Amino acid sequence: MANYFNTLNLREQLDQLGRCRFMDREEFVSEADYLKGKKVVIVGCGAQGLNQGLNMRDSGLDVSYALRQAAIDEQRQSFKNAKDNGFEVGSYETLIPQADLVVNLTPDKQHTNVVETVMPLMKEGAALGYSHGFNVVEEGMQIRKDLTVVMVAPKCPGTEVREEYKRGFGVPTLIAVHPENDPKGEGWDIAKAWAAATGGHRAGCLESSFVAEVKSDLMGEQTILCGMLQAGSIVCYEKMIAEGIDPGYAGKLLQYGWETITEALKFGGITHMMDRLSNPAKIKAFELSEELKDLMRPLYNKHMDDIISGHFSSTMMADWANDDKNLLGWRAETGETAFENYPETDVEISEQEYFDNGILMVAMVRAGVELAFEAMTASGIIDESAYYESLHELPLIANTIARKRLYEMNVVISDTAEYGNYLFANVATPLLREKFMPSVGTDVIGKGLGETSNQVDNATLIAVNETIRNHPVEYIGEELRGYMTDMKRIAVGG
């Protein structure tokens, strides 16, 4: 199979990359009605599979789960997830032929095998759904021409999809129809109904494309969302320990600090996050973030280039074929890092202390968000997509670190995201360790500036504020956050 994106001409590539429109709520007045009375069969019952299925059932859809016969016979976790929640469970051969919509929610590396297995069983004119387009875009899966192919991609982990639905809301969601597979012209009706059934329409849906979703998703998760948090955690912890800061305090400052800092980011963007600092600390964080942007821009651009060209995907798929040797090795190495093994502590850290003593963390967040956004938009991805795949998802990923450090982050994200995270962090960590960290001290990570006055030069502060507030990610962020009027607050501080 050929990489689908690479079969397109330049005009088609740019058109697909630039697809992203925030949809009016009026476009969802019929909610999930288009799929009511039809049979939805989900393949896979992990976090996304189970939680999307629960939401769809609660929205009035007929949902069942098709699993491999071995998973049923051995009563694996996927079988238990579905059965314990009262769903019908059957083999592919039993359930797939009845399905009007087959939703493939298995891990990326299983997609080719799953689709090749279920496609011959699907009835003529049925629909096939994805929540990530890697199989279509990067692997170039050829799907029967009578089948409609759609995507509904919630912009958060599966557990959050369920929790937001239960509180009467939802999570922002990208939806798309594969242009090669919409024979009856009903793709958008199916995608909108599926998105509404998960609750996504209440938080806002973006009309996107398979290409835009995949390329922006890969870039965000490799760099700012996962790779930067991993590299930052490792080098900041090392620095604090080397400077004599208590290991328990250093670890807790990082583990819960990312979550606390990005909580401010979620509600008011980079501007509000930086405003949580004192004037001297804000100027210092700004200066550090500018240095970081200069240092790390080539690395961010390389990841974007490798994603656009397909080099990243081919490299990762080669590791799939080698039994995930690199992935598993990098996972083990991460588990051995000092940050992952810092001693538990009962030390109290106030919310503001995370900002005051984590100035470098704030700088890393600003630099990482802006670099990822800039790399994406320079490659033809439009601002809305770039925002959701950088700034918007960052608090959700930071929350996983707060739960169980880097281990939890790498468990919750997909194998594709985990592989890309390691590729980035394995270069970013020594880069920061050698070229940046020697020049910083505990005044910006661990102890704070200890200033007795908030006084700064007015002209300098005005210039810093203008630069922060006039970045394009702040403009689109303010617009998109306006659509999300009921965002859930998360606990901060551990």
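Note: Cβ is positioned from N, Cα and C throughout, glycine not excepted.
Listed by Swiss-Prot as binding Mg(2+) 2 are Glu389, Glu393; the candidate from Asp217, Asp246, Asp275 that the record includes in that site is Asp217. Looking at Ser414 (substrate binding site) and His132 (active site), their Cα atoms lie 10 Å from each other. Its Cβ placed at the centre, His132 (active site) has 24 other Cβ atoms within 10 Å. Mapped onto DSSP classes, the domain 'KARI C-terminal knotted 2' (345-487) shows 101 helix, 0 strand, 42 coil. Around Ser414 (substrate binding site), a 10 Å sphere centred on its CB holds 20 further CB atoms from the protein chains shown.
In the predicted model, residues of the domain 'KARI N-terminal Rossmann' (14-208) average a pLDDT of 95.
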